[in-house]
Amino acid sequence: MPDRVRIFDTTLRDGEQTPGVSLTVEEKVEIARKLDEFGVDTIEAGFPVASEGEFEAVRAIAGEELDAEICGLARCVKGDIDAAIDADVDCVHVFIATSDIHLRYKLEMSREEALERAIEGVEYASDHGVTVEFSAEDATRTDRDYLLEVYKATVEAGADRVNVPDTVGVMTPPEMYRLTAEVVDAVDVPVSVHCHNDFGMAVANSLAAVEAGAEQVHVTVNGIGERAGNASLEQVVMALKALYDIELDVRTEMLVELSRLVERLTGVVVPPNTPIVGENAFAHESGIHSHGVIKKAETYEPIRPEDVGHRRRIVLGKHAGRHAIKKKLEEMGIEVTEEQLDEIVRRVKELGDKGKRVTEDDLEAIARDVVGEVPESEAAVKLEEIAVMTGNKFTPTASVRVYLDGEEHEAASTGVGSVDAAIRALREAIEELGMDVELKEYRLEAITGGTDALAEVTVRLEDEDGNVTTARGAAEDIVMASVKAFVRGVNRLARRRRD
């Protein structure tokens with residue numbers, strides 16, 4: 001097993017082949033910058049010959065002078081390789097299919113012809129002075145003796161790395177281990193693997209390959225890619241670090257940030273139960289689990305959420321226990337007696353039994369009712385009026401009128417959209433309270449269907465003292481849902497300051 005593994009990210013090439021995904025040049029550059037900041041070794045920027053826009057995107061990324069090696073994909077065809085070279089990449093990833101099914105039905109050529117084409121492609125790319133990585137497409141369904149012959153020949157032709165693609169995800173970890181070990185023994189250059197997730201084993205197969213000596217793994221952010229996707233960058237990286245103790249020069253605390261960026265730009269939603277970066281990756285509802293996590297996080301968490309840029313959440317519902325609810329109340333700054341806590345727990349479970357998702361706002365409302373503390377109507381910030389103007393020919397503008405500790409104040413601001421303008425106006429208004437509140441996270445989801453859907457907005461806010469809170473707002477208007485969430489969050493932070 002190698003001491004260090006290279007991370008070859010193909011989000012911008014194979015990941016963009018996800019059905020329905022198409023990124024602009026600017027979006028691809030933005031993702032490339034973030035990948036470089038994260039620390040991947042290679043960024044496969046695209047397939048330069050595919051289109052003019054793809055060529056421009058690859059060339060733009062190559063011109064960013066990033067620390068990562070910039071790679072372009074090319075068939076073993078001179079025109080493809082020329083396009084990659086013209087895009088000024090550091091590395092050309094050349095490939096040709098080698099399985100009999102691909103040779104017969106797609107390429108319509110013999111094994112001998114494919115071998116000759118592979119050698120010519122590698123030699124041509126190598127003669128241009130770039131790093132050359134060679135892939136035998138559909139390697140895992142290729143005759144083993146022929147596959148090894150192809151790899152040996154391409155290394156002799158000048159390949160700096162060889163890649164073993166499990167193109168349709170048919171391998172099991174033991175089989176992937178055996179194949180990778182054979183390739184490692186056959187060549188004297190680093191071996192890479194590229195695993196697809198058709199049977200849900202892309203990550204497991206990638207790790208098995210590393211155990212067998214592979215020194216590089218192809219991955220995509222959030223595991224996006226054709227069909228069922230590719231090996232997930234975040235899962236492979238954290239497994240290598242946490243389970244194998246293998247050296248990686250990456251900033252794991254950026255994983256969630258990177259995941260959210262790709263989710264936003266591609267429109268491919270990350271399921272909440274996704275390992276490492278999913279919304280529920282560090283969420284606990286069961287009373288037994290949440291009790292354990294509150295006392296000692298390692299009881300039910302294999303890694304720390306902050307190590308990947310995530311946060312721990314104690315979720316309220318019918319499975320929630322006293323310790324979890326008490327901890328949540330403490331975070332809200334609400335002190336309760338044991339008797340009051342019993343009643344709050346009873347009401348929370350009652351809501352959960354009715355199938356209701358118990359939010360922080362629900363818990364706060366229940367607690368205020370039980371404890372009899374200051375009602376929300378007497379909060380530090382009360383929104384009296386908001387007006388937002390937007391259109392296709394002028395900048396979105398928002399004006400607000402609020403009461404701050406009973407005194408009326410007005411503010412206005414512009415923004416990149418209606419929500420941004422409204423939040424900026426509110427931030428300007430609350431400066432009168434001596435508060436500087438930053439919006440750290442924003443999430444929108446439609447609770448119901450249709451154009452009049454009820455929207456729920458979740459915001460995470462942080463004040464100048466580092467206090468953090470999460471608040472939600474729901475309304476049929478996205479701007480109003482956002483404003484409600486922001487005002488509720490500010491009031492929670494203000495209450496903590498007073499306490």
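Backbone N, Cα and C atoms are what each Cβ position is placed from, and that goes for glycine too.
Since this is a predicted model, take the numbers as computed values, not measurements.
Residues or ranges marked as divalent metal cation binding site by Swiss-Prot: ASP14, HIS194, HIS196, ASN230. Annotated domain 'Pyruvate carboxyltransferase' per Swiss-Prot: 5-256, in sequence order, evidence recorded as sequence analysis.
Here the features listed in Swiss-Prot are painted onto the structure.
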residue: ASP14; record: divalent metal cation binding site; DSSP (3 states): coil
residue: HIS194; record: divalent metal cation binding site; DSSP (3 states): strand
residue: ASN230; record: divalent metal cation binding site; DSSP (3 states): strand
Note = Going by C-beta under 8 A and a gap of 6 or more residues, the same-chain neighbours of ASP14 (divalent metal cation binding site) are GLU44, HIS194, HIS218, THR220, GLY225, GLU226, ASN230
Request  = Starting from each candidate's C-beta and looking 10 angstroms out, tell me which of the binding-site residues HIS194, HIS196 has the most other C-beta atoms.
outcome  = HIS194
Request  = List, in sequence order, the residues of the same chain other than ASP14, HIS194, HIS196, ASN230 whose Cβ lies within 8 Å of the centroid of the Cβ atoms of the recorded divalent metal cation site.
outcome  = THR10, PRO165, ASP166, THR167, CYS195, ASN197, ALA202, HIS218, THR220, GLY225, GLU226, GLY229, ALA231
Remark   = Excluding its own, the Cβ atoms lying within 10 Å of the Cβ of ASN230 (divalent metal cation binding site) add up to 31
